[in-house]
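Note sheet for the following structure.
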């Protein structure tokens, strides 16, 4: 009877501890407008645009999540830009942040 009690206690403690943990998931930030400087669409500067603020916004996201987040932001015109080329701008933002769009991903 002791092994059953020990097993039941072990399983109960495992269930208790594993239900208390949570998975980390990234979220698409609203402050994506900081990426406008990367595209040189808001602040036209010579040289390299500041990429750190933009890339830090999508840092915790997987490549697919980052691409979807930036695509959604570009389509929603959060950047406040009327004429944008979605595939090119998305590619520029992902490349600057050392990210890749998943194969077959289309921002349309």
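One is the number of the first residue shown, and numbering goes on along the chain from there.
Note that Cβ sites are derived from N, Cα and C of the backbone, with glycine treated the same way.
Per Swiss-Prot, these features apply:
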{"type": "DISULFID", "residues": "28-55", "note": "disulfide bond"}
{"type": "DISULFID", "residues": "35-54", "note": "disulfide bond"}
{"type": "DISULFID", "residues": "71-107", "note": "disulfide bond"}
{"type": "SIGNAL", "residues": "1-23", "note": "signal peptide"}
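Calculated from their C-alpha atoms, the gap between residue 54 (disulfide bond) and residue 71 (disulfide bond) amounts to 14 Å. There are 22 other CB atoms within 10 A of the CB of residue 71 (disulfide bond), with all protein chains counted. The most densely surrounded of the disulfide-bonded residues 54, 55, 107, judged by C-beta neighbours within 10 angstroms, is 54. Rounded to a whole value, the Cα-Cα separation of residue 55 (disulfide bond) and residue 107 (disulfide bond) is 19 Å. For the recorded site, residue 107 (disulfide bond), the DSSP three-state label reads coil.
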